[in-house]
Structures are given as C-alpha cells and as structure tokens.
Amino acid sequence: MDKLIITGGARLDGEIRISGAKNSALPILAATLLCDGPVTVGNLPHLHDITTMIELFGRMGIEPVIDEKLSVEIDPRTIKTLIAPYELVKTMRASILVLGPMVARFGEAEVALPGGCAIGSRPVDLHIRGLEAMGAVIDVEGGYIKAKAPEGGLRGAHFFFDTVSVTGTENIMMAAALAKGRSVLQNAAREPEVVDLANFLNAMGAKVSGAGTDTITIDGVERLGSAFYKVMPDRIETGTYLVAAAVTGGRVKVKDTDPTILEAVLEKLREAGAEITCGEDWIELNMHGKRPKAVNVRTAPYPAFPTDMQAQFISLNAIAEGTGAVIETIFENRFMHVYELHRMGAHIQVEGNTAIVTGIETLKGAPVMATDLRASASLVISALVAQGDTLIDRIYHIDRGYECIEEKLQMLGAKIRRVPG
C-alpha cells in the first residue's frame, strides 16, 4: 500500500490546473446508459472511481473507447448484462447511480449494495422509494437491489425527498428522463454537480428544468440521442489547493475552475485573511506570508458551506490565530481525521457534531493514517506546514478523489513523494 512522505515548511507558490469533478463525472457516466447511440464525455479526472465505473461498463458488455486526454466514448447499445456485480460495486458508492438509468432504459437492473467511504449511514432507501413511486418493483435480497420496471415502462411521478440527497436526486432525475409523463422532484439537491448532470441530460435531448433549485421538473421523452459533453471542474479539489496555499502562507493560482460554484468557501478564506482575485475560469489566493485567522464553519447543503471542505478547514484552524468552531450537520462520524491531527500536536476538542479548534503556531510531523477521502486531504494540508516529516498511510483514499496530488503539490514547491508500501 503506497504512502506519502511530506516534509513541511515550504510555502506554496505557483499555478496548477484543476481536474474534472469526480462527483459530476460519475453520474454523467451512469447517464450515458440512457442513450441509444454513442456518447462522448470529456474532462474526466484520472481517478480510481472513474476507472471502476468504466470497468463496470466493460463487465456489462459495453466497450468504452478512451483517448489520451481521458475523453471516453460509450455506446450502451452493446450492453449484454444488466448486473452490477459486488466485486466492483463494493469499492464505490456511486455505483448505485446505474440503477435508475438501467431500469428506465432496459426495464430491469440488479445492482449490489454499494461500498465507498465509511461516513455515516448514507442510506439507499431514497433511491428505492423514488423508483417505486415511478412504478418499479424492487426487492433487496442477497446484498443486491433487484429492480423491474412495470409493463410499459416507468411512469412520471411526484416525489418528495424527506432528506436532501445528491445521488438520490441524480438517480431519480435520470430515470425520469425516459419515464412516461412528467416527474416533479421536491426538496431536491441543489449542488452544481446536479446542474451539470441536468445539462448533460438536456444535451442528449431530455427535458429537465429547475436544476439548481429545490424543485426539478422532468418531462419524459421517448429516446435520448448522441452528444459530446465536458464535465465541470472539481470545486472540492479547487478549495483544497486554496486552503493548502492559505495554511502555508503562500500564493496559488488555480486554473480551469469556476469561482461561482465555490462562493461559501471563498468567503471563509477571505475571513481567514486571504487576498482572493477571480477571473472567469481561475482563482488566485495570496496570503502574503501571513498566518491565517481561525474561522467558524457550519456545513449544510449547497449553496452553504460544503461538508467535503470541513476537514480542510479544521487543518486551517489548527495552525491559525485564535479558536474556531467547525459544525458538521450533513454526516455523522466525520471527525475521524481529528484523532490523527492530535498525533501532530493539534488542539481539537470534539463535542457531538462540533469540533472546537484552537490554533497553535506549529504542528509536528508524525506517522498518520488516512481514514476517508477528505480526511486524507486534511492530513496532507497539515503535513505541508508541520515541522519535519509526516508519513501518511492508506493514501488509496486520496487517490479516490485527487488526481496526481503529489505532482500538483510538487509544482507548487511542496516537498512530497510517494513511496511504495
């Protein structure tokens, strides 16, 4: 198992390109199953979860064509099996996203209950209830979700999400694209990745409106046609590199991104003392060598502060001037990184869903272990500013969400290297 060794103390300085968003790419890849012709998806990030999704298509009999820029062409007409097997699905929660498209397009699906990060309960019941509202008959047995469309196909439905669910919204929206009649999704997720998926569906000929609000309307169509679509930039990767620059007192320009999808994070970075300038597709952060000020953060569904940036801001507060409270309202069990940061000398108290972080001037390098994707990013950020060497184990978590993290940080002047386990 690979590890990262980071020698702290280098101030980050330079420019990097932001990758395509994993959380947009995965539902968009799943949505290609709805099409009755070849579809090309561009700006895919080089990540394990993306490779797994493409491998899953291969297992189903679809032969994706990938070019050197990691654009992929998918022709779902060659599909031979409607089963998403456990050995692939177990490593990736997003595999549940093929359920809606397969039932809508092919009338049935068998998808293993998913794996992925161990954060909270993240139930799949909203996906199941949404499809049942459209007439699907669903059984969960032997670790598999087995779904069948009614005779004549799925029917449009009004569905209310009793908790906001990004993947739930995406799954039901995809299924509704080919259902008969109108579907209205209420209390829908408003995330930019949901909007990106809706834009992709519309590029194939779907009729989706209201994405980005809490009510999405989908008028089902008979077929979806070929399209080329470029995945949006990754707002969490963008935010992670900006926090890394802030923590080290540095200056970083991130390119091929979108400042409008990151406003809550940029606001908190300004509050921490960062000077931020934005263009249409770039953001520059400059700390002018200053130590950040501690900030209070409360996670909530978009457009509020994203839960996927919570761990990074705990790392920022750990070396900031003052004390900041970080309140997690989305997932339980999402402070696992705190105990690893304690090993580096951080002063953090966890009380229920709140972490109280009192900044200290210097953290100390230590052997630490990544516990999930975003927690691992917080360990990398803390290691960049710690005295001495930090060894981060289990970095396969990082590789699930950050493309070429050590190369990008090296371009900014970080002393970081990957060593085989």
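Heads up, the Cβ atoms here are built off N, Cα and C, so glycines get one too.
Annotation source Swiss-Prot lists active site, proton donor at Cys117, citing sequence analysis.
Lys22 (phosphoenolpyruvate binding site) has a Cβ environment of 25 other Cβ atoms inside 10 Å. Feature annotation from Swiss-Prot assigns phosphoenolpyruvate binding site to Lys22, Asn23.
Counting every protein chain shown, 19 other Cβ atoms lie within 10 Å of the Cβ of Arg93 (UDP-N-acetyl-alpha-D-glucosamine binding site). In the three-state DSSP reading, Arg93 (UDP-N-acetyl-alpha-D-glucosamine binding site) counts as helix. If you look up Swiss-Prot, you'll see Arg93, Arg122, Pro123, Val124, Asp125, Leu126, Asp308, Ile330 marked as UDP-N-acetyl-alpha-D-glucosamine binding site.
What Swiss-Prot records for Cys117 is 2-(S-cysteinyl)pyruvic acid O-phosphothioketal, and it gives sequence analysis as the kind of evidence.
Of all the Cβ atoms in the protein chains shown, 20 others lie within 10 Å of the Cβ of Val124 (UDP-N-acetyl-alpha-D-glucosamine binding site).
Looking at Ile330 (UDP-N-acetyl-alpha-D-glucosamine binding site) and Asn23 (phosphoenolpyruvate binding site), their Cα atoms lie 17 Å from each other.
DSSP assigns Asn23 (phosphoenolpyruvate binding site) to a helix in the three-state reduction.
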